[in-house]
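As annotated by Swiss-Prot, phosphoserine applies to Ser11, with the evidence given as similarity to another entry. Among the features that Swiss-Prot reports, active site is placed at His172, Lys600, Arg641, with the record citing similarity to another entry. If you look up Swiss-Prot, you'll see Trp283, Arg450, Asp597, Arg635, Thr665, Arg753, Arg767, Ala768, Ile769 marked as D-glucose 6-phosphate binding site, on the strength of experimental evidence. Positions annotated as L-aspartate binding site by Swiss-Prot: Arg641, Gln673, Lys829, Arg888, Asn964.
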Amino acid sequence: MANRNVEKLASIDAQLRLLVPGKVSEDDKLVEYDALLLDKFLDILQDLHGEDLKEAVQQCYELSAEYEGKHDPKKLEELGSLLTSLDTGDSIVIAKAFSHMLNLANLAEELQIAYRRRIKLKSGDFADEANATTESDIEETFKRLVHKLNKSPEEVFDALKNQTVELVLTAHPTQSVRRSLLQKHGRIRNCLAQLYAKDITPDDKQELDEALHREIQAAFRTDEIRRTPPTPQDEMRAGMSYFHETIWKGVPKFLRRVDTALKNIGINERFPYNAPLIQFSSWMGGDRDGNPRVTPEVTRDVCLLARMMTSNMYFSQIEDLMIEMSMWRCNSELRVRAEELYRTARKDVKHYIEFWKRIPPNQPYRVILGDVRDKLYNTRERSRHLLVDGKSDIPDEAVYTNVEQLLEPLELCYRSLCDCGDHVIADGSLLDFLRQVSTFGLSLVKLDIRQESDRHTEVLDAITQHLGIGSYREWSEEKRQEWLLAELSGKRPLIGPDLPKTEEVKDCLDTFKVLAELPSDCFGAYIISMATSTSDVLAVELLQREYHIKHPLRVVPLFEKLADLEAAPAAMTRLFSMDWYRNRIDGKQEVMIGYSDSGKDAGRFSAAWQLYKTQEQIVKIAKEFGVKLVIFHGRGGTVGRGGGPTHLALLSQPPDTINGSLRVTVQGEVIEQSFGEEHLCFRTLQRFCAATLEHGMNPPISPRPEWRELMDQMAVVATEEYRSVVFKEPRFVEYFRLATPELEFGRMNIGSRPSKRKPSGGIESLRAIPWIFSWTQTRFHLPVWLGFGAAFKHAIQKDSKNLQMLQEMYKTWPFFRVTIDLVEMVFAKGNPGIAALNDKLLVSEDLRPFGESLRANYEETKNYLLKIAGHKDLLEGDPYLKQGIRLRDPYITTLNVCQAYTLKRIRDPNYHVTLRPHISKEYAAEPSKPADELIHLNPTSEYAPGLEDTLILTMKGIAAGMQNTG
């Protein structure tokens, strides 16, 4: 039996190597990393569940690998027979094992990317920027701008000082991996990285081997499934943990790299600490669009918790700074302040660890920083009191109420050190601290509020009806605007205590009350989703005025659907034409564009092109009115929701639309991929800043008129094709719900938000995330590619010369190239054979021809795509990405087959399966075995024991393997 196992392990390794598309490069370690983690895991699986269960995992892998090699549907049926013959406990273990192996494969790939990056940095050899696996390095970008594009170092420095990248973390429910597991994955990644370090000793290796074994086993023993949905407060705490763990220290570390990169192009001064190069905002606890769980109380709690956390992080660092600032020499300004503070200081403060006695005046910096420490302590305690009790006795003068109060003494210390010739000391930890304060302020992040436009209409309708002037809801757009402007120009209050309020109206008004009560630096933008007209913006301005919000939030319309994007330029023209509004915005406006809903509404092709045109148009209009426009990009993680490699997405934006100001969402699982580890955080900050700078200083070309004309024609055809299938095909919704796990999506408990805006309804009411998620699970990715094939076919059949034009567009126009490359990547991850299996098992016989026609469309679209890109095979220009996908495929295929058969058993209780006896012989004589315990983790399931957990585990595993949920 032992020899047989060695053979099995060898065969897995052999299959791995067969799947790799040739030797990628000399620095290719992916297969090595992957095989090491796999070997460790299989040993653990055998220890915990027996040799035979490990063999079942290997059998599944081999059948999947054979299918991936030959695409023989019989192999899927063999695999299905094997999986359905397992008892429920073993099924859970198999699903859990493959999900776990995919997470390990992701860790191996992350390490491979980091390893290759280090090699390239050492050698100075940077890959082609058009390649989807590489991104801009800040130093390389500076050098390219100066040496290849003839920009002066001063021009680069000035552009960088005037640049702002604002990353907005959202609680979109696409993070399917529990936080407990993410932390364990981080430790596995660290162990593996250290194992491959050059200077490792035999003892180190042994200890790291043990640690790796321990962490892999701990992850496997952790329940992957969230048993209850997270609350908005849970989501906010999870989001804030990234600041505590990586972003807080990552920002000053990154800014030091910026200093170094500037020095290397001849700029001999540091990047100013108060230049807002990187800013952070959040939607966690502020996004109430379709989420009834985000209440005014939640928003208040989230803001106070963030302020408490921020002052606590500053407080935990201030004593280290006091230890460092031991110098006695200072300028007269600081000496006078220190003596004044010394006279009024408390004698002993016993609750401090360091410097608890009165600090003598011959340590002037410590005296100043001691006062900062006292105020930070009080600021933290006051936030805690307000959070817990709703009130605090600590007075305003004892705390920091705005960031300028905290910066002032720190700047005084910095100036004094520089005046005394101690620049080198000033530019150490003190500069890092100043940069943190400038970036994070007192609130850590600025909380955006997002609300549906219809909620504001409801409130104003209640007001106008109460005032006896008619129904606001029924007024025309012109009448609404006229009334809103009249009220905004006047001073009469509109809301009295006797206003009749529904629950929804009260909730909306109470949100404005919270905005008025809390410090203004807690908040960022007020975003109106489903914005369609000028009155939507004026309505929020009026409600802010009504609640006397001291510093009103900037109001940001979010244009999402195709028709709204088309109407956006006219709406912005009308707004900018209003004298009252132009005075209010003071030359600055932000507009948000939604990638998710526009894609769901019209398909990826038409949405991408309309988003491009809308950006061009609204930027042009803003310029005409002398307004600086910031475009806020609401991008998801998946290609279907506007995702893709950051640097490529930015460099493909229309010229003159970023202009040094970028605001973009970082959603769900992308937060972990961007900030889960220190090196990931560093890479994320670098890629956003470098790509934004490059877009401004070396903008992409504008499309030629004939390209625009062709794109317009193709977009009409693509939209028609997409909508004819998704909205006009009478039985499409029925097919979609049968062929995918859409109905079961909510059981994953991955977000606080319901998956539908309205409990009943079809595709229109379904949120973009479960819409994309469902098709990602079946590896058919319909929302991404549907419409492309019809558009290309129409263009080429109309005029054969158009093929040449499309190929030229691909070679020379970044927007078009990126659009095609991202869809090509999705095709590389796709597998219509899995969709065919789902149809065979889950779809009624009369609907199967519909699925067949969609799969024929898939193949035709893929062929057109390859023709336009000039590729013989998918991803032929990106061997590393191709390798990573092909290594994962056999794991994902097992989970796809397991999911299809589990759905069959859930939906058809009469479906007959023949169970084989306990496959773990070690436990055959015992009344139960370790796998049986897993069934009892979900005692309340409405399905047969174990089926629901098996299904959820397959969903999570496939999401990990595709590296996308929704």
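Positions of Cβ are set from backbone N, Cα and C atoms, glycine also.
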Item to complete: Could you find out if DSSP has Trp283 (D-glucose 6-phosphate binding site) as helix, strand or coil?
Response: coil
Worksheet item: Cα-Cα separation of Trp283 (D-glucose 6-phosphate binding site) and Lys829 (L-aspartate binding site), in Å?
Response: 30
Worksheet, complete the sentence: Cβ neighbour count within 10 Å, max among the binding-site residues Thr665, Gln673, goes to Thr665
Fill in: Pairwise Cα distance for Lys829 (L-aspartate binding site)/Lys600 (active site) [Å, integer]
20
Worksheet entry | Alpha-carbon distance [Thr665 (D-glucose 6-phosphate binding site); Lys600 (active site)] in Å | 18
Worksheet item: Quick one: what's DSSP say for Ile769 (D-glucose 6-phosphate binding site), helix, strand or coil?
Response: helix
Fill in: Local Cβ density at Arg888 (L-aspartate binding site) - other Cβ atoms counted within 10 Å
23
Worksheet entry | C-alpha spacing of Ile769 (D-glucose 6-phosphate binding site) relative to Arg888 (L-aspartate binding site), in angstrom | 23
Worksheet item: If we check Cα distances from Gln673 (L-aspartate binding site), which of the binding-site residues Asp597, Thr665, Ile769 wins as closest?
Response: Thr665
Worksheet item: So among the recorded positions Lys600, Lys829, who's got the most Cβ atoms within 10 Å?
Response: Lys600
